[in-house]
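Asker: Attaching a single structure in structure tokens format; questions to follow.
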Amino acid sequence: MGSLCLGSQAFDFVTIKSKQLQNPSCAGLWRKTSIGCWLPDALPARLDQMWFSEHLCAMAMVCLLDFEAYAEKYLPKIAWDFFAAGADECSTRDENILAYKRIRFRPRMLRDVSKLDTRTKILGTEISFPVGIAPTGFHQLAWPDGEKSTARAAKAMGTCYIASTYSTCSLEEIAAAAPGGFRWFQLYIHRNRAVSRQLVQQAEALGFQGLVLTVDLPYTGKRRNDVRNGFQLPPHMKLKNLEGAFEGDDRSEYGLPPNSLDPSVTWNDIYWLRSLTHLPIIIKGILTKEDAELAVRHGVQGIIVSNHGGRQLDGAPATIDALVEVVEAVRDRVEVYLDGGIRKGSDVLKALALGAKCVFIGRPALWGLAYKGEEGLQDVLRILHDEFRLSMALAGCASISEIGQDLVQFSKL
């Protein structure tokens, strides 16, 4: 792969005339151009329009897979590999997508679908359609403004954004970027419980409206490409919510000291969290009816059926397959959501038919950021919204309330 050097520097964040600009040491030295894009600061201004004309504007972004292809082509390899990674052989990651293909619709005809309403509510707050943004880390690897752009896009599209503990922007920055936006905060519990306590209370004070506890990560799954790449955050990039929280200089485990997560967390810690906050608690990472029942028994307000995007236990079920038993166990006592594998509006419709109140997207949101920041993520959400509306209409559903389990069947193949 060729490279282009500018003086003594070279870059790997953009491509010009198919030549990769190399050297991650310059990561983060960005500037905003006259045409509204971000490029490395040392890139000559005369190349701005050429790069965008050839690479950005030339691509017709029709579906989410177009954004995926763009991100794979233009993100630095180490960033792409981190976002794309699944655990071990990635079978669960891939099954999250494949499982939707085994579900068939039973569409109804001669229904009045001249007026379509995609609005719904999650925990009492209305969103424009049942797709939110799942918690993912390190958004500045995809776009310089990172999670601030994500928050703005979610607000513009009238939906929920779950901000990660592992954000590269602070909770204050995220809240300030999109005042009045609908946001939940995702929490990992660390061995230093004071850190977790402070984050929970800070999120509530900043106006976050829900607390999402991730429960499927007592230890980090083995993501082979991250190991091969020796993944570390670029020097300029920090986990803003955790700055100063840990002693020592070792930040080799995704920006944190090794073994900083608390593997001793149990169901009783739900009560501990309840003592810290008045926020509703949503538990993320449930895949079985037994754990769904325990979640209800311990007083959570919501469950996200999730296998961490296939990044933890390889061989765990696809989330759309696990959804059915979780919904049956819960019996409408708490709201059930889902993430993993959503690539089309028809996938959203299938998940709702099987009992999900809302779905959340992870990797597609990052692809949108990589494409054009806030605007790119809005494009991703807009495409999903349009596809979902069309799928509803073609299936004979004019509103969310008309979507039920009789709309789908599992293929015998």
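Each Cβ is built from the backbone N, Cα and C atoms, and glycine gets one as well.
Copied straight from TrEMBL:
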- 56-413: domain 'FMN hydroxy acid dehydrogenase' (DOMAIN)
- 135-137, Ser164, Gln186, Thr214, Lys284, Ser306, 339-343, 362-363: FMN binding site (BINDING)
- Tyr188, Arg223, His308, Arg311: glyoxylate binding site (BINDING)
- His308: active site, proton acceptor (ACT_SITE)
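I'd like to know what surrounds each of these features in this structure.
Answerer: In sequence order, Thr165, Tyr166, Ser196, Thr214, Leu217, Leu261 are the residues near Tyr188 (glyoxylate binding site), counting only same-chain partners six or more apart with C-beta under 8 A.
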Asker: Give me the CA-CA distance between Pro135 (FMN binding site) and His308 (glyoxylate binding site), in Å, as a whole number.
Answerer: 10
Asker: Out of His308, Arg343, Arg363, which of these binding-site residues shows the lowest number of other CB atoms within 10 Å of its CB?
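Answerer: Per-residue Cβ counts within 10 Å for the binding-site residues His308, Arg343, Arg363 bottom out at Arg343.
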Asker: Rounded to whole angstrom, what's the largest C-alpha distance between any two of Tyr188, Arg223, His308, Arg311, listed as binding glyoxylate?
Answerer: 19
Asker: Determine the Cβ neighbour count for Arg223 (glyoxylate binding site): the number of other Cβ atoms within 10 Å of its Cβ.
Answerer: 23
Asker: By CA distance, which of the binding-site residues (Arg223, His308, Arg311) lies nearest to Asp339 (FMN binding site)?
Answerer: His308
Asker: Between the Cα atoms of Gly137 (FMN binding site) and Arg311 (glyoxylate binding site), what distance do you get, rounded to the nearest Å?
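Answerer: Counting only the Cα atoms, the answer is 13 Å.
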